[in-house]
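K.L.:
TrEMBL feature annotations, pasted as is:
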- 1-30: region 'Disordered' (REGION)
- 11-25: compositional bias 'Polar residues' (COMPBIAS)
- 144-170: transmembrane segment (TRANSMEM)
- 146-425: domain 'ABC transmembrane type-1' (DOMAIN)
- 182-207: transmembrane segment (TRANSMEM)
- 259-278: transmembrane segment (TRANSMEM)
- 284-303: transmembrane segment (TRANSMEM)
- 361-387: transmembrane segment (TRANSMEM)
- 399-420: transmembrane segment (TRANSMEM)
- 490-712: domain 'ABC transporter' (DOMAIN)
- 773-791: transmembrane segment (TRANSMEM)
- 776-1088: domain 'ABC transmembrane type-1' (DOMAIN)
- 844-864: transmembrane segment (TRANSMEM)
- 917-941: transmembrane segment (TRANSMEM)
- 947-965: transmembrane segment (TRANSMEM)
- 1037-1054: transmembrane segment (TRANSMEM)
- 1060-1080: transmembrane segment (TRANSMEM)
- 1124-1358: domain 'ABC transporter' (DOMAIN)
């Protein structure tokens, strides 16, 4: 009924923005919040009340969800789902085949209401006492009340059928003569009660499912909005943590809403059961109830322990996902350094800790599940033993009524662990939600107008610091690992404390005139980037003021790009204007790059721009800024990634031309001092302080700079005209063939869809679990466990049928007209004269002993079975994760280029969580239920052989329903997984690009995209739950038929069977009544959840691997000389792409220092790709010391080379871990390397020295500092061949000179290849090679190349002006 009565969302009502806020409202984004006026009852619940109309024959509107248009009958029976089930059986559905999420269930709709409730919670209780729990309870209260009412009615029907009706049937059987009419009246009442039970149970889930999807959507959208707008805090929210919140915690919230209301079933059934058994058996009836009551606190203890263990496991899960995310984003460097084994060890160590906690939690969960099966038997045994030992004669109707009541009470024990577990799990999630929601929003300290209207930016005595996360003592103890090592360091990054070391800038006073060009320079770590961040409002302002007049565009030191086309990255949400776009592209010199790309500017950019060069990424980022047409441009060293020629073009055309002439205010951070004379003002940063040069000082240096440009202005104009024509042609052709080019430029491949879960998938899992023999033994354990449980009921029936022992003849038990007594088989006990008095039976002690031992055996076998099962599934999880990680880590670079990180992370996150947590519970419950059903059906067939005919008729019906339903459940689950991948990718993209997203005011677009992806994932998530309930109801109805037929058998066979065995048959039928549908549903849900294993198996078996063939094992000292030879080398990154290197041939001699220069995208970095065998050659040969590197294993090759990459990469952990991940070197060597790279003083300031934490992406170090740490890392490898790929691009000239001096000394006998855009970086080289469009055009010593006037090198050098301020 639209998920039950609606907690009104009022989407059809007009809503007004909130205009007032309290002091605590900084924790909520007020721009989107709405205030709901008081509504009448019909306004709130009108749409929901329509679902109470029995049948609604009207035609559904096209945009209307079928659930919203359904009547009462269709809603309760999920008949509106039938068309989806049938269509899924015919062909696998896609997301396009599914209905859109109902308007009442969508994220934005529910977020608005939840946001208002959270605002009210903050207003009433303040930040300190604000509770997410309380807010959610308010959000769902009406629906929760209705769900509880439905569960109460469901509990009443269970009790009525199990206790009252069954007792009446057994009393009827115990009479000598029986009225068939009264018997059939009882059957009719039983039918009505069972139908009521089934429908109200379904109604509860109808309400709960829609409550779940709404709550999940509202909270996750709230969390994302908070994260995307919160203040930057070092160590606050990592990508891994946010993925965990959105995936795991979101699912926990869904499950809590799904099962939470069921917790009220327990008390209801316990109270009713206790009263009824006391009425039946007197005070001794309380004994059985006390067993149940004693179990409850035990369950509570188990739940608390499981919750604690789950929390520990979740911490390790976060660390594992964060580490894997780091590995995936830095996989190129890891491969180059041959660090796969090191990172594998780190991940495996975390994984083992994670599984250790999960294994213990799973064992406790297994005990909890077993208790639901064991408790009714134990309660029956104890109560019956106590009853008969007290001298009471137990009657059949009392015994089996009590057993039936205990079975009903046991149902609560089966449901309550699910409810308690879901609530315990979500309680952990609530703490994480609260932590994020209470983080302050971005401080709004930047004033929108300056005192002097002629100024664009003003700062007065400003002091800034980066905010760091401060945990209280208890939280610190909770989060810090007690063990030493990398895991502790990973956790330690979350407890960086506020102290003086985090103070970034002090006493900053400056005035920037509108339309001026301001240069900012300074040493590495002096605070240049922090100054830019302070202007954007990203730091914590301790004192002073900041005023910015106008809109801001920002270009970061490390370019951030989306996984979209080049054009979409430049437009960044703005409309396309061809003329404006052409000007921007020409200003950034992107025309030649467009020509080299497969689909020009419609080529898809990989995540983090993985398929572009560093210079291309930076220029696209700059083009985005220019196209945005803002008032103020903050450019954080954008010229460091481009060559001198392109750098000069950008400075002239983009900065001086388009921006300066356009009267834009530009702040340019740069280490290339040749550009500073053209600036109106120069700011010099020094250790967080600012010194300002005067305009007169700059003017002294400006004349020569301008003069040197004049002689080339004519040539430049001609080049610009050609470039403009080229770009215009490029864009026009792109517009004509846009659809074709989009397909041609597609980089990311579609995610595999998968198919039916084959036997190979199960075989893969069971092999990982230990093999078929182990699996068979575990199944045998389950059978023995259930056999012992069912034996106790059988033995009680047999005992009761023996009565006083007078009945002893052979026909006591038969397989046909069972338990018929004849005159020849009866002896009356002389002492009692009562055939039914079991106390008088001479074998009383024997029967009692066996009955008691059966309970003890059950407990012992259950514990053994549970431990063995948990060990099996844990082993499977460990094995499959290790195989998956190894496969992914050793895959080709093409795999990472064409698969988004979010898609890969999804395998390690959601798929693994499903395999680790959900699947074992479902498998265990299925095996227990399945074996219980087999034995229960066997007992009924034993009493009523004709019952097998009913089974033979019903089984085909079950099979048909199962066959038709199975594809729908499996495909909904698969679509749930598939729709998470783009959702995860979006989260990763958003978190890494927050500064850019915020400054360009694109937060709403990213929030809207998140909301859309969340709703897209919510569709299969909701439908999977609905389709399971669709099946459950239909199987329930079939089971009601079986239960009714069994009751009719009992009535028709009155006098032909022993009442004791009739009671056994009826109690078994009642036991099966809800169990069969639950078991079949578990089977199908288990298969649906096995999709995660199928997806893991697909990656393990189909991910392309790097070549492992090698025929040469070089000596340990190889290479001895460092001689490199390229012979006719051709390289292309993927089939269908042009050659990145074409016919490259050269030789580098022993110890030679080679400079490699060329325009961005000319193939410089492709040389390193070929040398490290990141991509195998198309043709040609590369030799190192005469050995063909294609004949050597990648590990042997890469471990002998060292590289300092273009993008500095640091890993979360410690400084020492980043320098020596294998922990092989003494501290003295590390300190020496730090001293040589000018880092010793910086690291020595940290309290933990080498153990100082490094946060995710190394964000607690500047980019220049990160480059120097990477340089120290290369020093420690002591390789014979060193490659410097723009290793000093982010450092100042003084530091660069020191680095080059150090390289000349330390690597004097090594071969060094230096890729550089700053030509002074290659001035010390013996020879320089010039690349152009993937071809080697020049290779000689620098002096000779400079003497050739028209040489490429001479032109590059002339573009570089070496006059410094």
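The backbone N, Cα and C atoms fix where each Cβ goes, glycine too.
Context for these features, please: burial, neighbours, distances.
P.N.:
Cβ atoms under 8 Å from those of the transmembrane segment (182-207) belong to residues 1, 3-5, 75-78, 143, 146-147, 150-151, 153-154, 157-158, 160-161, 165, 168-169, 172, 258, 261-262, 1025, 1029, 1032-1033, 1036-1037, 1040, 1043-1044, 1047-1048, 1051, 1054, 1073 of the same chain, restricted to positions at least 6 beyond its ends.
Long-range contacts of the transmembrane segment (259-278) within its own chain (CB-CB distance under 8 A, at least 6 residues past either end) are made by residues 144, 147-148, 151-152, 154-156, 158-159, 163, 204, 207-208, 285-286, 288-289, 292-293, 296, 383, 402, 405-406, 408-409, 411-413, 415-416, 418-420, 422-423, 426.
Residues 277, 281, 284-285, 287-289, 291-292, 295, 298-299, 302-303, 305-306, 309-310, 313, 394, 399, 402-403, 406-407, 409-410, 413-414, 417, 421, 785-786, 789, 792-793, 796, 848, 851-852, 854-855, 858-859, 862-863, 865-867, 869-870, 873-874, 920-921, 924-925, 928, 932 of the same chain lie 6+ residues outside the transmembrane segment (361-387) yet bring a C-beta within less than 8 angstroms of a C-beta in it.
Counting same-chain residues at least six beyond the ends of the transmembrane segment (844-864), those with a Cβ under 8 angstroms from any Cβ of the stretch are 367, 370, 373-374, 377-378, 381-382, 384-385, 388-389, 781, 784-785, 788-789, 791-792, 795-796, 799, 802, 838.
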K.L.:
Among the recorded stretches 146-425, 490-712, 776-1088, which has the greatest number of Cβ pairs closer than 8 Å to the domain 'ABC transporter' (1124-1358)?
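P.N.:
Answer, by Cβ pair count: 490-712.
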K.L.:
Have the transmembrane segment (399-420) and the transmembrane segment (144-170) got at least three CB pairs under 8 Å, pairs 6 or more apart in sequence?
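P.N.:
Yes, the stretches contact each other.
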K.L.:
Among 144-170, 284-303, 773-791, which stretch has the most Cβ pairs under 8 Å to the transmembrane segment (917-941)?
P.N.:
773-791
K.L.:
At a C-beta cut-off of under 8 Å, are there same-chain residues at least 6 beyond the transmembrane segment (773-791) that contact it? List them, or none.
P.N.:
370, 373-374, 377, 766, 854, 857-858, 861-862, 864-865, 868-869, 872, 927-928, 931-932, 934-936, 939
K.L.:
Do any residues, 6 or more residues outside the transmembrane segment (144-170), come within under 8 Å Cβ-to-Cβ of it, and if so which ones?
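P.N.:
Sequence-distant neighbours of the transmembrane segment (144-170): 4-5, 137, 183, 186, 189-190, 193-194, 196-197, 200-201, 203-204, 207-208, 211, 260-262, 264-265, 268-269, 272-273, 276, 280, 396-397, 400-401, 404-405, 407-408, 411-412, 1047, 1050-1051, 1059, 1062-1063, 1066-1067, 1070, 1073.
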K.L.:
In the predicted model, what is the mean pLDDT computed over the domain 'ABC transporter' (1124-1358)?
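P.N.:
That stretch averages a pLDDT of 85.
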